[in-house]
Amino acid sequence: MREIVHIQAGQCGNQIGAKFWEVISDEHGVDPTGTYHGDSDLQLERINVYFNEATGRKICPRAMLMDLEPGTMDSVRAGPFGQLFRPDNFVFGQSGAGNNWAKGHYTEGAELIDSVLDVVRKEAEGCDCLQGFQITHSLGGGTGSGMGTLLISKIREKYPDRIMETFSVFPSPKVSDTVVEPYNATLSVHQLVENADEVMCIDNEALYDICFRTLKPTTPTYGDLNHLVSAVISGVTSCLRFPGQLNSDLRKLAVNLIPFPRLHFFMIGFAPLTSRGSQQYRALTVPELTQQMFDAKNMMCASDPRHGRYLTASAMFRGRMSTKEVDEQMLNVQNKNSSYFVEWIPNNIKSSVCDIPPKGLKMSSTFIGNSTAIQEMFKRVAEQFTAMFRRKAFLHWYTGEGMDEMEFTEAESNMNDLVSEYQQYQDATAEEEGEFDDEEEMDV
């Protein structure tokens, strides 16, 4: 089966990951002790995408948890599904990375990385046909960003032909958790551009906005935010885990969404977003889902898709519906909003349909868009980076761990190149490209 090995790094990654395993276990009818209590054979049919059957019929996640300090791990272990994980798969240091990318990537992280890779190797060896890896981490801290990207590059060396998908929490525009976020994020993006296949961009502020607007809790907790993210992670892989009419997997997703190798940073969204209390009162239709899914307010990262154009997009529907209706809606979206889609990639929405909806809903949809508007996010981080780097503020923390200023300069220019690549394709028209083709033919 097409297994996926899940890796969570740092505090943020572990908290999102813990929530994700609650959602997935619930979908497959697995209780916190690792026993199956489901009511349908479909839950078991492909349960081994994310789970492994251990001795004594215990079902265990194919998960690897790592951090440079024990705190978050302890709370995951003490959490509702803490007993589900294999005890050997918790790998942690004692010193912490102290929000310092260099500590995570070069010093503290490098000491721990071999024991992490051992666990990854064991999990990968336990798979029949490994599809790839998914990593949850944040880019603002030290461990998730520094050690997370170190692990990604090591896995890349070892498994070059497997898909590497990350769920990366970017620094938010208005709220900042740490002062050195711009440094950590820029150094991480520098790595992700080269070593990841698909990066789903998330940010806390956008998640807060979604929570306030639609889910209407009085004060959204991180638990609520992480729940939103888990819904998307679950949606992305639902076709692998349940039967469907139009299947998709991580590789199909990459092939359909990435027109140029460096442009693999995606916006994600989910529908229906209704508050927990009012779920049962709303009947949903495919047009409603589509409209909500493409709504700019539903994007889980702080970029407005209306400020750019979609190169490609993917819509994954779950629930009982006709594929004909899905196709009509996708066509409808492209025709009505044609100015928001580049004209030189015709029919640029991939859709897939999985028959089994998530718990508590009749139907749902997950949206993944490759939009040029994502450059707003990179621009914002780059500006903050430049402001500090020009004065060499806080640099001694990084150079003290053995980093070189040159690496900062390279990361900065890589990020700026990425922004201008997005801009170039946003401005490109079908006609221009055509002219170049004619010239080439004439040369022959």
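We number each residue from 1, going along the chain as drawn.
Glycine is no exception: its Cβ is also placed from the backbone N, Cα and C atoms.
Marked as GTP binding site by Swiss-Prot on the basis of similarity to another entry: GLN11, GLU69, SER138, GLY142, THR143, GLY144, ASN204, ASN226. Here Swiss-Prot flags GLU69 as Mg(2+) binding site. The annotation compositional bias 'Acidic residues' is assigned in Swiss-Prot to 429-444. Marked as region 'Disordered' by Swiss-Prot: 423-444.
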Given that the record lists GLN11, GLU69, SER138, GLY142, THR143, GLY144, ASN204, ASN226 as binding GTP, what is the largest C-alpha to C-alpha distance among them, in Å?
22
All-chain count of other Cβ atoms within 10 Å of GLY142 (GTP binding site):
29
Give the residue from the binding-site residues THR143, ASN204, ASN226 that has the most other Cβ atoms within 10 Å of its Cβ, counting over every protein chain displayed.
THR143
Within a 10 Å radius of its Cβ, which of these binding-site residues (GLN11, GLU69, GLY144) has the fewest neighbouring Cβ atoms?
GLU69
List, in sequence order, the same-chain residues at least six positions removed whose CB sits under 8 Å from that of SER138 (GTP binding site)?
GLY10, GLN11, CYS12, GLY13, GLY144, SER145, SER168, VAL169
Should SER138 (GTP binding site) be counted as helix, strand, or coil on the basis of DSSP?
strand
